[in-house]
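Okay, so here's the structure we're looking at.
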Amino acid sequence: MSSTKTPISLTIKLNQFTDKPTGLDINPYHNSPIMWRNIIKQLSSRTPQKLLFSSKNRTYSFLGFGQDSIFKDNTKFRSLIPISCSNIVMGFQNLGEYLPGDEFLSRPLIKNQVNNNFCCRKSYASVAEAVAVSSTDAEEDVSVVDEVHELLTELKKEEKKQFAFRRRKQRMLTSGMGHRKYQTLKRRQVKVETEAWEQAAKEYKELLFDMCEQKLAPNLPYVKSLFLGWFEPLRDKIAEEQELCSQGKSKAAYAKYFYQLPADMMAVITMHKLMGLLMTGGDHGTARVVQAALVIGDAIEQEVRIHNFLEKTKKQKAEKDKQKEDGEHVTQEQEKLRKKVTNLMKKQKLRAVGQIVRRQDDSKPWGQDARAKVGSRLIDLLLQTAYIQPPANQLAVDPPDIRPAFVHSVRTVAKETKSASRRYGIIQCDELVFKGLERTARHMVIPYMPMLVPPVKWTGYDKGGHLYLPSYVMRTHGARQQREAVKRASRNQLQPVFEALDTLGNTKWRINKRVLSVVDRIWAGGGRLADLVDRDDAPLPEEPDTEDEALRTKWRWKVKSVKKENRERHSQRCDIELKLAVARKMKDEESFFYPHNVDFRGRAYPMHPHLNHLGSDICRGVLEFAEGRPLGESGLRWLKIHLANLFAGGVEKLSLEGRIGFTENHMDDIFDSSDKPLEGRRWWLNAEDPFQCLAVCINLSEAVRSSSPETSVSHIPVHQDGSCNGLQHYAALGRDKLGAAAVNLVAGEKPADVYSGIAARVLDIMKRDAQRDPAEFPDAVRARVLVNQVDRKLVKQTVMTSVYGVTYIGARDQIKRRLKERGAIADDSELFGAACYAAKVTLTALGEMFEAARSIMTWLGECAKIIASENEPVRWTTPLGLPVVQPYRKIGRHLIKTSLQILTLQRETEKVMVKRQRTAFPPNFIHSLDGSHMMMTAVACRRAGLNFAGVHDSYWTHACDVDKLNRILREKFVELYEAPILEKLLESFQTSYPTLLFPPLPERGDFDMRDVLESPYFFN
């Protein structure tokens, strides 16, 4: 064997569909692979091998060639993947990818100026070179077996990188956008995520300049002028405080955190975050100090991290020439890293910036105390500098009425069960600011907007979602054990969950402009239509001109009631403004995306909080799929069914053919609604979901009026909803025939209505009780009163919440509210007694119809009680591998002193809440199962080429694909419950707590799960 040790790089061609490499290409110009077994042969052989290079027959070692190489001097060896496949560097990710650990900093690139390929010098740039380092001569005392293992290991690494690369490229292709368009949108997305606060601060500074130069302030919207008036004095106060802190003159505990961000950005964040809390809080323009301080402090810390990183690398660049010789390498690598981040908004290397910054930033998280102190100080400074002046409507000689915009006060709330009271600090805005809050949304910085490009694929607890904004795969709400459980889980274990979230996040949406224009017209006209709140407050009743205390007491109660209603209206108006602000901002985008994450039970949610498909009718009405698909004959049928479902009012309980008939009988109304939504007969306003109904009216009208309705394109998401889905899961767990029939797990001519079924049972029991002697059975009188009040509406809420473990007291209060609404029983004591009796009968009827569900619910609760009694939280793993830890622990209190007040921070203790662990486990376990079913369906739909969106127990796709969706969701439900779910749960409990004794599994019925496949109304 030749002793020449000049290494060559071998191009490894990987097959994305197999686990084995297809061959090794050592020809720099052609793909003429040597089969894998031949390479192994060469490795295993101790004799020289002859390899053929471009028809030249020479003798080479496996990893070298003679000094008279056949390759030209200027030859640069090829990268791992051919040029046509968007090369990645040997051992490197493609542009925009992230290399873990020190690998990121350790590989300088050499670029071939001819073919734009890259190779790595002084690193294991290829499998061949990696093996070459360990053995290039048959005489060395290294095992050939070790060489083979090393080769296999390196191949596996490269294959994983290539597979990830191909998946990402495929995602880009399936997103329906070319490379150039994708990069343009990506740059915009990064600006949205990284420059929002900076741009807001810049805008205020420019407005201040314009105001001074051109007197433009009077032309600003009222709320914008308020923000502008507060910005400069707040910024200056912050700057003064920062100077004291940076010079060491401030002894405050927050001092070392306070000067890490420019004063203008801190001012903007403080104003916007506080106003956001005042808008979204439901308490009449107030926010709790502790909540506001933590929210503001957290936002400041997030901005500080990236700011510190960029500033640190700037300084390192400036000091490069002063570095000692042994530190030059570090400086060079830091400079390379800085360039990667600073080019973030211009180039492709965006995906990993969050991880880069976190890895390079060696500063520890601030902690809750520091965030609270920084936030409190900023609120304190805003209180000192923010003033408001009513519009000028007084004589010039009068002094201006200038008053603080915000007031800090303490609120005392009496506890229900104790004589003691609870006190907490609040920030309350002036009435003028309060009235302006509803118009503030369009001027607010709204983080976590829908994305312009597909979200980053999830690969870990904090790796995925947004390109740059902090994103976490689970909403743990500070539950440490839950967070640690997810972090400990392997990527392989969580891959099914990651894949499902990626599927949901890759669904493309757009704004339905026609529906949005109707919403805007109604809102501009004062609301009051289509369930939109009245934009005006209800007038307060006039004070009676009398000394009669009874009349005055009645008046005071009316005033209190009207004020409560006005507070609710205000909250709803703010909510609508936020939704419309997002819709208006996104209406001209061709498409956008919602990154998703899960709650601790495994239910998926969009990360954007305001305008999303989990929201109200107005959200769902203005959102539609960005991709349109021809209806086809099946799609036209399902669009008609969908319209009937949205109209509701009992229509949704008809058979599918009955619903189609309803729609066809109202085609004139549908045309009128589409053509003249506000000027015509307004039939669509009678629907239970009016804006969604209007959207379907428009689409259906276009299709029916076209020359070929089947080829008409539809963007409408058509829903398939479960029938009391929680009870469906219980019936499947218990193989309960009676329960399965009640919730449509078996086929029927029309959908079974579980609420009507329970109401019928309740009525039978009450009729029987009404015949009894009141002297022996006191409830007989109540039964006689209630017989005429029993219907599905009376029992619906109790049946719905039964899956959540509703208690007798909860059921009593629910039924009492329904009876009070009807005014059937005037006397309060009689009303209470009737509600008690009705609740008892309703729960009895539920137990009879869903006996298996009750027994499973009881078993789950008993297991949870046994575990929690050992001071352990209940843990389980969902069918998709997500670890769940119930977060219910007793809360401890921690006092910290801030510049504003003493704050009480809540912290988890080590003591679990036994009762809460027990009562919450059954519904949480069922939610983890419905989340698993939705995720399984989502992934299967993607693989079948369907667009999919999900809202827990409501699955959406294009009208033309509903039949495919129905088949898939039924198959996945059967697949889910063919697994021994309860057996595995019990086994996991026994393994985790071997010293505890758990009750045996409840008996189950003989319902055949495969009957679900033939049930048309299981989801419909």
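Note: Cβ is positioned from N, Cα and C throughout, glycine not excepted.
Some features that Swiss-Prot has for this protein:
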ACT_SITE  D721  active site
ACT_SITE  K796  active site
ACT_SITE  D953  active site
REGION    314-336  region 'Disordered'
Among D721, D953, which are active-site residues, the residue with the most C-beta atoms within 10 angstroms of its C-beta:
D953
For K796 (active site) and D721 (active site), what Cα-Cα distance in Å is obtained after rounding to a whole number?
17
D953 (active site) and D721 (active site), distance between Cα atoms, whole Å
6
Can you count the other CB atoms that lie within 10 A of the CB of K796 (active site)?
19
According to DSSP, does K796 (active site) sit in a helix, a strand, or coil?
helix
